[in-house]
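**Student:** First, the structure itself, so that you have it in front of you.
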Ligand code: PEP
Ligand code: MG
């Protein structure tokens, strides 16, 4: 029976394929006393041998489809299975405690995990805790006779159905076979959603129930344009969505014609549309989509894809590649924004009740200055190869900006003294994503070179609504007059001091937001590369003259998010 499940449209496009459930099975068991230890040990040996065969297969496929580095984790898992210290301890536990092997495996692995996790001065060993946890899960699944999902083994076209996808899950999806994804939880600005857009994978998030509504192998249509998943579609549905996919492809082909054009409104005003990137590999998409610069380089991905803190040299190479690739166009690099939902296995952070309000971004950089200084040195050295701008994430107070700038100046002076070539024209700016800073934008504007408004966080902090929580997504209101007042204040404050203001949050590429931002005079719009041409096409149709009074009305007359959606619609469809 056809079922339509509504969710949040997270990444444009339509995908139809068989469902692959990326859902963890129930691995619970009961503790039992046993009399025949040998029989239990032989069950363990069978489960280990099946797990090992499976890991060999997964490793080989992962090596081919995802690369050597991604495949290495499976070798680490095989090594644990082959380690007599681990497997021997489980056997001994069965004999000594006379318990079933599930219980013995659980107890021994918990013991190993807590020893590894306790090695706080050895991040490499701490990371092994996650490997033990993963291997234990695999062996346990075989003991219990249940199937574990193995996304690396996918060898035909599928859409992924999951409760949630972490940024690292998303990074491991093989785009050749994975045509899209749909999840129970998450919002449009969760990092998995942002990544789906950069991979051009249609995605719907926050459906609440999709993992219960779909069985493995069901046909699912993902409508990333309007935010719905259609389970078990009729022939008619399939036809309808084929048409929708065709229309979307045609629209995209129209946008593509604007690739080499400047972004100019109907009344001849030029604005910069830049792209957001996570790694130097994203450059290709930036160039293909004709972006006029990079407005946000999220450098934390460099840290997330590395096994240990990236060295100054590694970072220098990555930054240089991006700057050279952009051939003199401006590149705004954001210093590391770890914390919140982005973690580094080798840099354990404290357990926090509210990670998004906790130890993250510039707060870590100012506290762990050796990490920050390495990054700034790499950036300074790379500055000789293009037009570099640097911004700091999560600045909340002027003191934080001053402290970060001081560290930057110190590292710059050291390099200059050592005769290293460094650009003397690096603009230093900040993300405007903490409401306290936005309220005081007039004071910040005197000291920064530019602002880049991070609406993803600015909205969540202003509305006190977690950006990834679908239960409060109704409060995630980009056009709420409170948000628009903050944005307008930031832009006006920058302009009063002769500085520029950009936006790199997802709202910069939103069709309803763009007319509001044009009316406020925002200078630079930075978004997923795949949105650049759509927004360029939209701007071509808009005239700043027609929009002149829109912003004032939106912040002074409107009361709700909905009021402003209607207001924008009135202005845009006036003619
Ligand atoms: C933002 O908060 O708007 C932003 C661009 O940063 P991130 O999404 O990486 O938090
Ligand atoms: Mg942010």
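Cβ coordinates come from backbone N, Cα and C, glycine included.
Sharing the record's features from TrEMBL:
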{"type": "DOMAIN", "residues": "6-128", "note": "domain 'Phosphotransferase system enzyme I N-terminal'"}
{"type": "DOMAIN", "residues": "155-227", "note": "domain 'PEP-utilising enzyme mobile'"}
{"type": "ACT_SITE", "residues": "191", "note": "active site, tele-phosphohistidine intermediate"}
{"type": "DOMAIN", "residues": "252-542", "note": "domain 'PEP-utilising enzyme C-terminal'"}
{"type": "BINDING", "residues": "298, 334, 456, 457, 467", "note": "phosphoenolpyruvate binding site"}
{"type": "BINDING", "residues": "433, 457", "note": "Mg(2+) binding site"}
{"type": "ACT_SITE", "residues": "504", "note": "active site, proton donor"}
**Student:** Tell me the coarse DSSP state (helix, strand, coil) of residue 504 (active site, proton donor).
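**Tutor:** DSSP assigns residue 504 (active site, proton donor) to coil.
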**Student:** I'd like the Cβ neighbour count for residue 457 (phosphoenolpyruvate binding site), meaning other Cβ atoms within 10 Å of its Cβ, all protein chains included.
**Tutor:** 23
**Student:** Radius 10 Å, atoms counted are CB only; among the binding-site residues 298, 467, which position scores highest?
**Tutor:** 467
**Student:** Using all protein chains in view, find how many other C-beta atoms are within 10 Å of the C-beta of residue 334 (phosphoenolpyruvate binding site).
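**Tutor:** Here the count is 26.
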**Student:** Near ligand 2, which of the binding-site residues 334, 456, 467 are found, taking a Cβ distance under 6 A to any of its atoms?
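**Tutor:** Correct list: 456.
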**Student:** What is the biggest Cα to Cα gap, in Å, among 298, 334, 456, 457, 467, the residues listed as binding phosphoenolpyruvate?
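**Tutor:** Of all Cα pairs among the recorded phosphoenolpyruvate binders, the widest measures 20 Å.
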**Student:** Tell me the Cβ neighbour count for residue 456 (phosphoenolpyruvate binding site), meaning other Cβ atoms within 10 Å of its Cβ, over all protein chains shown.
**Tutor:** 24
**Student:** Counting only other Cβ atoms and using a 10 Å cut-off, which of the recorded positions 433, 504 scores lowest?
**Tutor:** 433
**Student:** Starting from the Cα of the residue listed as 'active site, proton donor', work out which of the binding-site residues (334, 456, 467) are within 10 Å.
**Tutor:** 456
